[in-house]
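**Student:** Here's a structure for you.
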Amino acid sequence: MKPVKIGILGLGTVGCGTINVLARNGQEIARRAGREIKIVQASARDLKKKRPCPTEGIRLVADPFEIVRNAEVEVVVELIGGYDPARSLVLEAIANGKHVITANKALIAVHGNEIFAAAQKRGVMVAFEAAVAGGIPIIKTMREGLTGNRIEWLAGIINGTSNFILTEMRDRGRDFAAVLAEAQRLGYAEADPAFDVDGIDAAHKLTILAAIAFGIPLQFKQAYIEGISRITRADVQYAEELGYRIKQLAIARRTDGGVELRVHPTLIPQRRIVANVDGVMNAVLVKGDAVGPVLLYGAGAGAEPTASAVVADLVDVVRTLTVDPTNRVPHLAFQPDALSDLPILPMERVETSYYLRLHALDRPGVLADITRILGDLGISIEAILQKEPAEGENVVPIIILTHRVVERNMNEAISRIEQLASIKGSVARIRLEHLNRDWK
Ligand code: NDP
Ligand code: HSE
């Protein structure tokens with residue numbers, strides 16, 4: 001059979017990783033796909049740059065639009081990243097009848113509804129396994145392996161860079177900026193690393209997972225997003241003393257009022273497997289009503305782990321090239337005309353437990369004032385830790401863990417506590433989840 005001809009847009013970390021994996025495992029991959037996969041064209045901005053992958057036999061071009069307009073190319077692999085020109089390239093490839101594979105979560109989370117509608121109309125596939133959790137086959141697992149379940153919630157560490165930073169801060173006491181620079185050098189970080197540390201990248205991925213889990217449209221703008229830059233080494237240490245780890249968690253949960261869609265640093269009990277997912281590794285815990293909790297773990301970023309997911313999509317596309325489009329697995333797991341309009345809950349209505357860190361004057365009655373405010377708002381305390389004041393200071397750090405309470409009440413409590421004359425500075429708040437089966 002004739003080889004399937006593909007064009008790759010972008011020869012960076014993932015583009016080159018994909019070429020290397022296809023070069024090394026080409027024969028094995030062809031045996032699986034049923035046809036050889038041949039890269040005929042690839043693009044990069046700087047054609048003079050030396051690439052860590054073999055490009056002999058591939059026509060290199062500076063203009064990626066040449067590839068999406070090349071009649072010879074059947075499958076376009078978009079590995080440029082960002083919103084534009086990626087969106088225009090993908091839409092033009094679809095309009096030209098080409099199947100598309102992308103690792104671009106920003107593109108899918110923000111423009112996915114438009115892209116999938118265009119692909120549906122044109123009868124082509126858009127595959128995006130590499131867009132979420134790097135090499136972990138989470139999209140395929142949720143879209144195909146768990147179709148018998150009503151998904152209740154999912155929680156994941158889905159940004160390798162921020163997990164790498166938090167791990168290095170905890171284990172080696174390293175400085176935030178130095179670890180971020182290393183993540184950039186290793187090719188883990190986004191072109192704009194603020195996407196990683198501010199939680200935007202994780203929210204892009206969560207948006208995709210939530211759509212697949214609950215059969216809702218992609219709604220990135222509704223996600224609550226908080227990054228890791230306000231986490232201090234002291235918070236990491238206090239959390240450890242109380243038996244918890246701080247992880248940047250992405251959570252989607254179905255509740256009676258709607259769907260929770262949130263990304264924020266979270267205390268997790270140390271005994272949970274997810275609390276022990278370190279470095280650039282990712283993990284996604286999905287709770288289905290029939291199967292119970294399922295945990296997937298693996299490399300969340302990096303050239304070849306991500307290429308592993310890109311190539312899996314390529315094989316899927318090649319295998320289904322001749323399948324009637326109406327019989328293919330729907331892009332977002334549910335048939336496009338069967339999506340639900342479940343609302344996304346505003347953060348004020350989300351219920352979680354909390355870790356609070358505050359600094360109080362070391363004098364009698366302070367704790368009583370704080371606990372009164374919490375009690376008045378129906379917030380019950382799970383643990384309190386009062387630390388020694390630093391040398392020569394009379395301000396003591398107080399750490400409080402609370403039971404579950406709706407965020408609106410916690411906002412009010414924090415505002416009242418900050419108004420106490422005995423409290424210095426603002427109250428630091430980190431949400432806490434036990435991640436037990438029934439989300440209690
Ligand atoms: P890189 O920055 O390493 O590579 C991007 C490539 O696209 C480069 O070859 C670059 O050319 C080219 N490019 C950049 N901007 C333009 C533009 N405006 N027009 C044309 N070409 C352009 O990115 P990655 O390989 O790291 O990421 C690619 C995609 O994969 C992104 O969507 C990213 O989010 C996603 N991803 C990345 C992972 C990772 O671990 N790196 C993991 C999972 C997903 P040149 O080389 O000449 O500069
Ligand atoms: N910047 C992303 C991360 C790449 O660190 O997880 C993988 O999507």
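Every residue, even glycine, has its Cβ placed from backbone N, Cα and C.
Feature list, courtesy of TrEMBL:
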BINDING   LEU9, GLY10, LEU11, GLY12, THR13, VAL14, GLY15, CYS16  NADP(+) binding site
BINDING   LYS105  NADPH binding site
BINDING   GLU190  L-homoserine binding site
ACT_SITE  LYS205  active site, proton donor
DOMAIN    355-431  domain 'ACT'
**Student:** In the domain 'ACT' (355-431), how many residues does DSSP assign to helix, to strand and to coil?
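**Tutor:** Going through the domain 'ACT' (355-431) residue by residue, I get 23 helix, 32 strand, 22 coil.
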**Student:** For THR13 (NADP(+) binding site), identify the closest of the recorded positions LYS105, GLU190, LYS205, judging by Cα separation.
**Tutor:** GLU190
**Student:** Around GLY15 (NADP(+) binding site), which of the listed recorded positions (LYS105, GLU190, LYS205) come within 10 Å, judging by Cα atoms?
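**Tutor:** Taking LYS105, GLU190, LYS205 one by one, none has a Cα falling within 10 Å of GLY15 (NADP(+) binding site).
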**Student:** Could you round the CA separation between the residue listed as 'NADPH binding site' and LYS205 (active site, proton donor) to a whole angstrom and send it over?
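**Tutor:** Between the Cα atoms of the residue listed as 'NADPH binding site' and LYS205 (active site, proton donor), the distance comes to 6 Å.
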**Student:** To the nearest whole angstrom, what is the C-alpha distance linking VAL14 (NADP(+) binding site) and GLU190 (L-homoserine binding site)?
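**Tutor:** Cα-Cα distance, VAL14 (NADP(+) binding site) to GLU190 (L-homoserine binding site): 12 Å.
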**Student:** Measuring CB to CB from LEU11 (NADP(+) binding site), give everything in the same chain under 8 Å that is also at least six residues away in sequence.
**Tutor:** ILE19, ALA42, SER43, ALA44, ARG51, CYS53, THR55, LEU60, LEU79
**Student:** If you check the recorded positions GLY10, LEU11, GLY12, THR13, VAL14, LYS205 one by one, which have a CB less than 6 Å away from any atom of ligand 1?
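**Tutor:** What lies within reach of ligand 1, judged by Cβ under 6 Å, is GLY10, LEU11, GLY12, THR13, VAL14.
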**Student:** If you measure GLY10 (NADP(+) binding site) to GLU190 (L-homoserine binding site) at Cα, how many Å is it?
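**Tutor:** Checking the Cα atoms of GLY10 (NADP(+) binding site) and GLU190 (L-homoserine binding site) gives a distance of 14 Å.
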**Student:** Out of the binding-site residues I have (LEU9, THR13, CYS16, GLU190), which ones have their Cβ sitting under 6 Å from ligand 2?
**Tutor:** GLU190
**Student:** Apart from LEU9, GLY10, LEU11, GLY12, THR13, VAL14, GLY15, CYS16, which residues in this chain have a Cβ no more than 8 Å from the mean position of the Cβ atoms of those residues at the NADP(+) site?
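**Tutor:** The answer, listed by sequence position, is ILE8, GLY17, THR18, ALA44, LEU79, ILE80.
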**Student:** Among the binding-site residues LEU9, VAL14, CYS16, which residue has the fewest other Cβ atoms within 10 Å of its own Cβ?
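**Tutor:** Result for the binding-site residues LEU9, VAL14, CYS16: minimum number of other Cβ atoms within 10 Å at CYS16.
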